[in-house]
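J.: When I checked Swiss-Prot for this same protein, it listed these features:
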ACT_SITE  Cys50  active site, nucleophile
BINDING   Thr49, Cys50, Asn51, Arg52, Ser109, Glu114, Gly115, Gln116, Gln120  substrate binding site
BINDING   Gly189, Ala190, Gly191, Lys192, Met193, Ser194  NADP(+) binding site
SITE      His99  site 'Important for activity'
Amino acid sequence: MNIAVIGLSHKTAPVEVREKLSLPETEIQNAISELCSGTYTQEVGILSTCNRLEIYVVTNEMQPGIREVTQFLSESSKIPLNQLRPHLFMLLHEDSIMHLMRVASGLDSLVLGEGQILAQVKQTHKLGQKYKGIGRILNRLFKQAVTAGKRVRTETSIGTGAVSVSSAAVELAQMKLEDLSNYQVAIVGAGKMSKLLVQHLLAKGANKISIINRSVGRAQDLANSFKDANIKVYSMLEMVQVIGESDLVFTSTAATELILDKAKLETILDPLKPLMLVDISVPRNIGNDVSELPNVRCFNVDDLKAVVAQNRESRRQMAMEAEVLLEEEVEAFDVWWKSLETVPTINSLRQKIETIREQELEKALSRLGSEFAEKHQEVIEALTRGIVNKILHDPMVQLRAQQDIEARRHAMETLQLLFNLESEMSSGKVI
């Protein structure tokens, strides 16, 4: 079996490409089902965020397995493979393992050290299990990656004062507008990113904030979490009017289609009044053509790179601390991965010993008589099972823990010879 990751991110593809490959949670089940129906793909985990789509697979044949994934990506995005391929990255086994560890730790994020990605990796693991895409190998890998992410955030300084896409968006606005307290601000959307936007806007001095959302109740809940801020709430039906009265607008919704374009705005905007739009959604919420309107400036997530660059250098040294921890977690996974080679031998030995135990127990109970056997069978059963487990425990632990490949294989061959396991394994009795 081989592990691989195929995908694209803010490092390899512009937002125009990434948005075509953004998979909302509602589509993950079908995507996993389609990929798992392939001939060469045994396990699948799909990580989809605003800055990346990564498909982790366990495949029995590497090249055909990768081909199945790239074909799926091309068909899903409706981008011909020859045009999509330059934006894709592919990492195999050790490289794919380290990559997921770095992703979970925030070291591969647009905003170095951001914390939201760890929750997104956890959700990928959860959905992969729910929809039967993640099996034994990816289950262990994602658990190890989550452990790595937690360790990096608690044992290093990378998480201290870490910024997010939302905070970078507010920073960009402040760079362009300076004193945010002078501006009327609107936020379209009421999710986690919007909550962070409000938090950072208030910290920067903004005091005239409106939230626009499809569910007014959800927008009100968000406003209520900042009780002293006097935040106004509007429905999507009022969106265009509110934007027309605003100086700065952020969009952060899960909409898969554009919610703002030139046609919607040109009739309500004052051509003499400047308007700054910051779209942190993927797929994008705002069409490119709004920039054709007089006095309108529009930015998207790719425009945050300049802001992030200022923060990145000071955090690069912190990231080096984290890499040491990640090496430890990769090694821990690798030890487990290599131990899988011992599973057939261990299962075969356990099956053989269990068969002997059951046979000898049956003989003993028949000699003791039915009355005694019925009364004490459970105790004797537990006793014999306990003895077997105790005897097998240390040899099995030592066999799994043996990291030297030659030594481990020699130990397996010795066990197979001493217990005549070859015939057991070849006869299909292994469980």
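Note: Cβ is positioned from N, Cα and C throughout, glycine not excepted.
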J.: Whole-number Å distance between the CA of His99 (site 'Important for activity') and the CA of Ala190 (NADP(+) binding site)?
T.: 31
J.: May I ask for the distance between Ser109 (substrate binding site) and the residue listed as 'active site, nucleophile', taken between their Cα atoms and rounded to an integer number of Å?
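T.: So the alpha carbons of Ser109 (substrate binding site) and the residue listed as 'active site, nucleophile' sit roughly 11 Å from each other.
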J.: From the binding-site residues Gly189, Ala190, Gly191, Met193, pick the residue whose C-alpha lies nearest to the C-alpha of the residue listed as 'active site, nucleophile'.
T.: Met193
J.: Three-state secondary structure of Gly189 (NADP(+) binding site) from DSSP?
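T.: SS state of Gly189 (NADP(+) binding site) = coil.
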J.: Note down the number of other Cβ atoms within 10 Å of the Cβ of Gly191 (NADP(+) binding site), including every protein chain shown.
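T.: Looking across every protein chain shown, the total is 15.
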J.: May I have the list of same-chain residues other than Thr49, Cys50, Asn51, Arg52, Ser109, Glu114, Gly115, Gln116, Gln120 whose Cβ is within 8 Å of the Cβ centroid of the recorded substrate site, in sequence order?
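T.: Other same-chain residues near the substrate site: Gly106, Leu110, Val111, Ile117, Val165.
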J.: In the same chain, outside Gly189, Ala190, Gly191, Lys192, Met193, Ser194, whose C-beta lies within 8 angstroms of the Cβ mean position for the NADP(+) site?
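T.: Leaving out the recorded residues gives Ile187, Lys195, Leu196, Leu197, Leu222, Ser252, Thr253.
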J.: Going by a 10 angstroms cut-off between Cβ atoms, which of the binding-site residues Gly115, Gly189 has the sparsest surroundings?
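T.: Comparing Cβ neighbours within 10 Å for the binding-site residues Gly115, Gly189, Gly115 has the fewest.
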J.: Pairwise over Thr49, Cys50, Asn51, Arg52, Ser109, Glu114, Gly115, Gln116, Gln120, annotated as binding substrate, what's the top Cα to Cα distance to the nearest Å?
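T.: Roughly 15 Å, rounded to the nearest whole number.
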